[in-house]
Amino acid sequence: MSGVVRSSPGSSQPPPPPPHHPPSSPVPVTSTPVIPPIRRHLAFASTKPPFHPSDDYHRFNPSSLSNNNDRSFVHGCGVVDREEDAVVVRSPSRKRKATMDMVVAPSNNGFTSSGFTNIPSSPCQTPRKGGRVNIKSKAKGNKSTPQTPISTNAGSPITLTPSGSCRYDSSLGLLTKKFVNLIKQAKDGMLDLNKAAETLEVQKRRIYDITNVLEGIDLIEKPFKNRILWKGVDACPGDEDADVSVLQLQAEIENLALEEQALDNQIRQTEERLRDLSENEKNQKWLFVTEEDIKSLPGFQNQTLIAVKAPHGTTLEVPDPDEAADHPQRRYRIILRSTMGPIDVYLVSEFEGKFEDTNGSGAAPPACLPIASSSGSTGHHDIEALTVDNPETAIVSHDHPHPQPGDTSDLNYLQEQVGGMLKITPSDVENDESDYWLLSNAEISMTDIWKTDSGIDWDYGIADVSTPPPGMGEIAPTAVDSTPR
């Protein structure tokens, strides 16, 4: 269509009807155009909402249409007949009713729905084709705020209440805090679980979950059924001094943390100084300690000190001396094992204490011992000899109730004097053959095992059997086993 005819702002009145002439009389000729009767057509159903009520009809003045006879008017919601005198807008009333019901929907309590309150109702605004989609989008935008029911009482103030509880409100952590606060408010720290469940408005199984955890970490105890007692700070959380004690403990923890940090700094500085000292080639000749340096340490005063030089991974075992049930006397042993290399053992210092015998008299220890005996041992206790049987194992295995200076050859070990310290060297006998009491090798005789000096005369009289030669070593009588194998 070529154009749109607009109505004048003045009042629009219908034109006067044309004069009716009888068919026999001739039609007078006038200067004004003849307006034909209005042809009514059925309007097509429109999918767009109407701009105005369907019962209203707008008609234009003939004067405004005198120069626009061939134009037509198109409206978004109706169909316009191509007339020369008027434009009629029609829209189906059923469509308008359905649309208006959708736009304005009164709620049950007399208020309009919050999702449709912002929809314009002015007839001058044209809704889009996707008007229903816009309504959904606005309703979706308002979904973030909870819709609360509005009271019908107009005089009461409108209050907003949450539609649902938060997840944190029902969490076990928050419930535990509330439960501990109840214990603090309880008298003498005693709380009834039934009353706690009623106060907190939770099930008892939730209370039991909390009490099981607190009882597991030793904060509460159950002296009676369904009653708990606090065992935390000051044994009673209801005291007023509990908060003060907690603050004191926190301050003490901070002070200890500062002291620990200072000690860590000192350790780090000392390690750096030792590293610089050891890595410097000029200081290699000073990298040693003497026996006096070791004995002068405060922790080694009045102690028997045995130094062990062993590779990394060496294990040291000291069995209980009372576990040797097959031996009548207590046995003190030190067992060293290593698979990475040889083990060196030194007797650095020997404690010169008094040893008490069975009669209670004090006597000084022998002048020369294979190794130092345990401090405070009696005459019935064994003085052990530490031997290194092979580069992998060092075992204290020999019993010597009454040691003498000449008995070192009978124990099959060698000792070297190194710079004032006594070094214990490995034995010639292998580890598997060190237990000579149970040795069953037929090639080794008893004479070879108990070898002494070659000048000893074994052919002496029968009467002299009870008196051994003066050069022969003493043998423990309980150690001989004459049972043939």
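Even glycines carry a Cβ here, placed using N, Cα and C.
Sequence annotations record features per position, and here Swiss-Prot assigns compositional bias 'Low complexity' to 1-11. Per Swiss-Prot, region 'Disordered' is recorded for 1-69, 114-159. Summarising the annotation, Swiss-Prot assigns compositional bias 'Pro residues' to 12-26. If you look up Swiss-Prot, you'll see 114-125, 142-159 marked as compositional bias 'Polar residues'. The compositional bias 'Basic residues' annotation in Swiss-Prot covers 129-141. The DNA-binding region annotation in Swiss-Prot covers 167-232. Positions annotated as coiled coil by Swiss-Prot, on the basis of sequence analysis: 245-286. Here Swiss-Prot flags 249-277 as region 'Leucine-zipper'. What Swiss-Prot records for 435-450 is region 'Retinoblastoma protein binding', and it gives sequence analysis as the kind of evidence.
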Within the predicted model, mean pLDDT of the region 'Retinoblastoma protein binding' (435-450): 58
Residue distribution over DSSP helix, strand and coil in the DNA-binding region (167-232): 41 helix, 12 strand, 13 coil
Helix-strand-coil residue split for the region 'Leucine-zipper' (249-277), DSSP-based: 29 helix, 0 strand, 0 coil
